[in-house]
Amino acid sequence: MSFDDRAARLREQLASFVRFDEPRYLAAQLALVNRNMPVGMLATLVITVLFSGMHFRLAGDPRVIGWAMASGLVGLAGLLVYRMRPRAQASPQAFTRHARLLVMVALVLGGMWGFFAWVFMKTPEPHTTNLVIGALAGLNAGGMVLFCAVLPLSFIFLITSVTPVALVLLGSGVPADQLMGLATLTYMVTMLGFGYQAARSVRQSIDLRFVNADLVERLRDQTQRAVEARQVAEDALLDAEGANRAKGVFLAAASHDLRQPLHALGLFAGTLAGTGLSGRQRALLGQIDASAQAACDMLGTLLDFSKVDAGVVTPRPHPFALQPMLDRLVQEFTPEAQVHGLSLRSRPTPAVALADLALVERIVRNLLSNALRYTERGGVLVGCRLRGARGERVVIEVWDTGVGIPRHQQKAIFQEFHQLGNAERDRRKGLGLGLAIVDGLARAMSVSVTVASVPGRGSVFRLVLPRSRDAVMPAPTPLAYEGDLGGARVLVVDDDEAVRSAMADLLTQWGAWCEVAESGPEAEALLARFMPQVVLADYRLRGPSNGREVIERVRLHARRAIPGVLVTGDTSAERLREAQASGAVLLHKPVPAAQLHAVLADLLRVERLSGGAQVDTAGRRS
């Protein structure tokens with residue numbers, strides 16, 4: 001490395017010790033210098049007074065008094081510079097000006113001591129030499145501490161104060177003084193080295209402090225971002241919960257509004273069944289009942305899928321034979337298959353599954369509907385197979401000879417509103433919810449649905465269920481509702497005119513004495529002339545009262561626990577809890593006529609046996 005390279009490198013290293021180009025670093029250096037500045041300047045003043053007094057006493061030279069006064073002024077100037085130090089929020093130019101003032105203080109202060117040696121040590125005397133060297137040793141040790149944060153200040157003070165002393169001693173011609181001059185130069189070089197190392201340590205300390213400050217700042221920013229992200233997530237969660245509640249309110253309203261006409265249709269059909277019908281008319285009525293039930297089932301499927309999507313459906317598994325379910329579904333879809341010229345059949349099976357029958361039936365219904373929709377020639381076959389080493393699983397398979405499904409689409413078909421070959425969104429091809437409902441209901445039961453398909457040849461969907469070896473309970477026989485209610489007094493409260501009319505006709509046909517009301521106040525007005533044995537109320541009514549409250553007010557008016565029946569299209573658990581708390585029977589729309597007759601007959605039988613229980617102030621049985 002050449003001399004010029006070494007010199008350039010040294011300049012770079014020295015420049016790194018005072019950062020005029022980096023205000024934050026320069027401010028930290030000056031803060032360390034100013035921290036010790038008052039003590040350093042006061043110590044300089046004290047040493048100056050003591051030193052000049054001792055020299056005047058020993059040498060009797062009056063010039064030292066002038067030197068002491070000048071040195072004192074420099075010390076006071078240093079205190080003034082300290083008072084003018086910039087604040088932490090000052091501009092970068094203020095820190096630069098302050099650094100230059102400190103350079104001037106170090107230069108003049110060191111120069112004053114160098115001037116003393118040059119003037120008063122021309123003819124060195126032992127006492128003068130000893131005083132100067134002792135004073136300089138103390139001053140430079142203190143100056144090293146005072147100025148070490150800014151290396152140029154240390155070097156300026158040390159060189160300007162020590163160099164003149166060393167030169168005077170070397171030029172004295174006295175060997176002892178010359179030896180002392182060499183020792184003084186050695187001391188200066190050593191102190192320069194110590195100053196360099198001290199400044200380097202200070203620089204590293206400042207660098208580390210800034211690194212830590214940057215880390216703390218980044219951590220603070222990250223923490224703030226995390227807090228903001230958490231707040232956003234909490235807000236999103238609240239929005240989602242609000243949307244879910246709104247969805248629940250909408251579904252409850254939709255459930256009630258859609259079930260209401262089906263409920264009225266069922267009541268009218270029940271009334272019609274009690275009239276003198278021919279065999280042909282009864283067959284048509286049976287088809288009406290089947291169509292109404294199918295509509296109700298499909299409505300229930302959509303509503304239940306919304307609950308599955310919200311994670312609130314709880315499957316109720318129990319053993320059931322698969323063949324009766326398959327027979328019902330084949331019978332249901334046979335007319336549709338015949339219209340399209342397709343065959344639809346099932347293979348007999350003795351298998352018994354352990355699952356939720358209603359959910360399984362809806363899954364297979366959707367698979368059959370989907371298979372018939374996408375099959376143009378051939379037909380659809382539904383059957384069961386046993387799988388597993390011990391036959392512990394039963395697989396329901398739906399085969400079709402339809403258009404098939406490309407491999408890259410076999411996962412996408414289970415997404416909501418995804419359809420193959422229906423870019424124009426033809427409503428006759430459905431809404432694209434069938435397989436999404438299948439997937440959602442299967443996940444709710446923790447079972448799997450798979451598909452295998454060859455485009456142009458057909459597809460097979462498989463629903464894997466756990467097999468049960470338990471005995472299957474016999475299916476309940478249909479309730480018969482022929483018979484007389486024996487003149488029972490029934491109060492019907494419903495805000496739907498069609499339902500009131502159908503209910504009145506049906507109850508009258510069953511031999512009951514029926515009065516109808518549209519609201520709670522209207523029902524209470526009837527109690528003056530009509531005291532019912534049973535109150536049959538819709539849960540949702542116009543006005544502030546609901547069906548449960550109407551039943552409780554009727555009981556309070558009668559001062560006995562009149563049996564009550566709540567009819568609702570809302571399937572929430574809250575309605576069930578309210579019905580249980582009030583002691584009323586809860587029926588969900590649409591209510592089959594046979595079920596309604598059986599419930600009323602049972603309530604009247606219990607009422608006649610008990611003779612009417614007392615009621616407490618809340619309207620409950622006691």
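Using N, Cα and C of the backbone, Cβ positions are placed for all residues, glycine too.
Remember, predicted model here, so these are calculated numbers, not experimental data.
Feature annotations, reproduced from TrEMBL:
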{"type": "DOMAIN", "residues": "253-469", "note": "domain 'Histidine kinase'"}
{"type": "DOMAIN", "residues": "489-604", "note": "domain 'Response regulatory'"}
{"type": "MOD_RES", "residues": "ASP538", "note": "4-aspartylphosphate"}
{"type": "TRANSMEM", "residues": "39-58", "note": "transmembrane segment"}
{"type": "TRANSMEM", "residues": "64-82", "note": "transmembrane segment"}
{"type": "TRANSMEM", "residues": "102-121", "note": "transmembrane segment"}
{"type": "TRANSMEM", "residues": "141-167", "note": "transmembrane segment"}
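Listed as Cβ neighbours of the transmembrane segment (102-121) (distance under 8 Å, sequence separation of 6 or more from its ends, same chain) are residues 30, 33, 44, 55, 59, 61, 63-64, 67, 70-71, 74-75, 77-78, 81, 128-129, 132, 135-136, 139, 143, 147, 150, 152-154, 156-165, 168-169.
There are 24 other CB atoms within 10 A of the CB of ASP538 (4-aspartylphosphate), with all protein chains counted.
When Cβ-Cβ distances below 8 Å are used as the criterion, the transmembrane segment (64-82) is approached by residues 34, 37-38, 40-42, 44-45, 48-49, 51-52, 55-56, 98, 101-102, 105, 108-109, 112-113, 115-116, 119-120 of the same chain, each at least six residues removed from its ends. Counted with DSSP, the domain 'Response regulatory' (489-604) comes out as 54 helix, 24 strand, 38 coil.
For the transmembrane segment (141-167), the list of distant contacts is 14, 17-18, 29-30, 32-33, 36-37, 40, 43-44, 99, 102-103, 106-107, 109-111, 113-115, 117-118, 121, 132-133, 181-182, 184-185, 187-188, 191-192, 194-196, 198-199, 202: same-chain residues at least six beyond its ends, Cβ to Cβ under 8 Å.
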